[in-house]
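Annotated in Swiss-Prot:
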TRANSMEM  5-25  transmembrane segment
TRANSMEM  60-80  transmembrane segment
TRANSMEM  86-106  transmembrane segment
TRANSMEM  130-150  transmembrane segment
TRANSMEM  177-197  transmembrane segment
TRANSMEM  247-267  transmembrane segment
TRANSMEM  281-301  transmembrane segment
TRANSMEM  324-344  transmembrane segment
TRANSMEM  376-396  transmembrane segment
TRANSMEM  415-435  transmembrane segment
TRANSMEM  491-511  transmembrane segment
TRANSMEM  533-553  transmembrane segment
Amino acid sequence: MSPALAAGLQIAFVLAVLAIAYVPVGDYMARVYSSTRDLRVESVIYRVGRIDSRAEQTWYGYAASVLGFSLASALFLYFLQRIQGVLPLSDGLSGVSPAVAFNTAISFVANTNWQSYTPETTMSNFVQPVGLAVQNFVSAAVGMAVAIALVRGFIRVARGGEIGNFWVDLTRGSLRILLPFSFVIALILLSQGVIQSFHSGFASTGLDGNAVTNALAPVASQEAIKELGTNGGGILAANSAHPFENPTPLSNIVEILAILLIPVCLTRTFGTLVGDRRQGLTLLAVMGILWSGLLAVTLAAESGARGVAATAAGSMMEGKEVRFGIPGSALFAVATTGTSTGAVNSAHDSMSPLGGGAVLLNMLLGEIAPGGVGTGLYGILVLALIAVFVGGLLVGRTPEYLGKKLGRREITLAALSILVMPALVLIGTAITVILGSTTGYQGNGGDPGTPGSIHGFSEVLYAFASASNNNGSAFGGLTVTSDWFQSSLGICMLLGRFLPIIFVLALAGALASQKKVAPTAGTLPTSGPMFTGLLTGTVVLVAALTFFPALALGPLAEALQ
């Protein structure tokens, strides 16, 4: 089978399954968040937590709940890592160092799963499921809750800014969506050979004749939510390139589908909740255009042959698993960087300059193609407001979106939400490059303008883009175990996650306080091909104006060498 045919069949299968799941999954999630009934287990949780499930919260009450819950989660995870040595199933592992524990706690609570440690030799089989896997569920549920709160801002009329109840949204997202879906995915992965074990490991003899210790862990259960919740942190160091996590081409497709399922179907949920499904289809079309374009660039770049090794192999196979090949690796890479997942089944640092630049650009677009669980929906909705504002300026009318006027307050909050990520990426990269002491941690270096120094810059840019977008993938040539990277990337993960959430919730409250205005002949249509083009152009223009100089110094310069 030719590589082109293999790529086409895999892409067609993924798109076909997503198309089949789009309506039922999207409508199911809409029913979950709009239901007035609580499950029995939910009622028990509310009673134990003294939560009034019928009480509504204003945006600042909702935001305070998000921040309070996330802070408590981070503290719990931090101290769990620090006392790991006295916990069950520690297998001789001591407590995690303060810097790594801090970075990891922020990383998993922020849905980033950036890993500056080797999982097999750092985290025990107790901390993995009790600490990290739990955060994989609840951090994803937090993102979904914030997205639904913003949607309520559009559909509620003069409600005093009430946008729902965070604790109810968190509980329903975890128990009704993430848990059952993860269970099904875990069973499928188990059938493909993904392991599920609490044994410490086993010894074997390698091909070179030396003894090898193979780590075992409860992988299947965590692998499912790792992908479904767009978390991405591997329970094994090689992540989804490891045969214990992703053993077959079919398991690879299942993991790609798990990554894309909820972000794609949330556009249907949005359309259903606002009462106009064309709105959701328009957002989905924009996501699809961006995702398809970057996938085409990545496939073309990786299928070419550049350099002696690539020419001999016929394609850029360095850093890729033979069982997946170019199509499975490129499809996974674009899926994982277009969402906030960050899981990898190949070495992104070994990709061609244009291929690596494409997955980097996928993050720099704001991870909206299709975006993370919840974060993708509220990210593209904020950009839709900017597009409507630009359209309103062109025709000289007050911009409106779904019957809500976009005044100074709304546009200011939308702009602030968009500006957080670029500021963190560019400032963090600039400071790191200026600091001469950090150059020793780059796997590539040299005099300015040489290929090594250019790729070294790309590694730093990728790291801060990944942390600030809560992605978690990396160009592995950069060593990030120093105190500078542990602290700076931790701050980027923290601010990149929670500052946009605060601005989005404030925006939801402002919208929910308004009355709806009836559309007129001069109202800009926000569904259909015209708005699809306007929104796509806005996304590309914002990213191009912001990041083109940095990309020109990194991937583009390397591609032109």
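Note that Cβ sites are derived from N, Cα and C of the backbone, with glycine treated the same way.
Counting Cβ pairs under 8 Å to the transmembrane segment (60-80), the top-ranked stretch among 5-25, 247-267, 491-511 is 491-511. Contacts between the transmembrane segment (281-301) and the transmembrane segment (130-150): absent, as fewer than 3 C-beta pairs lie under 8 angstroms at sequence separation of six or more.
Note: the stretches the transmembrane segment (376-396) and the transmembrane segment (247-267) are in contact (3+ CB pairs below 8 A, sequence gap of 6 or more). Away from its own ends, the transmembrane segment (491-511) comes close to residues 58-60, 62-63, 66-67, 70, 106-107, 110-112, 114, 146, 149-150, 152-154, 156, 161, 163, 375, 378-379, 382, 385, 404, 409-410, 413-414, 416-417, 420-421, 424-425, 428, 464, 467-470 of its chain (Cβ-Cβ under 8 Å, at least six residues beyond either end). For the transmembrane segment (130-150), same-chain residues at least 6 beyond its ends with a Cβ under 8 Å from one of its own Cβ atoms are 33, 59, 62, 66, 69-70, 73, 76-77, 80-81, 104, 108-111, 113, 123, 163-164, 166, 169-171, 173-174, 177-179, 182, 221-222, 225-226, 228-231, 233, 235, 262, 266, 269, 273, 340, 372-375, 377-378, 381, 501, 504-505, 507-508, 511. By the count of Cβ pairs under 8 Å, the stretch nearest in packing to the transmembrane segment (5-25) among 177-197, 324-344, 415-435, 533-553 is 324-344.
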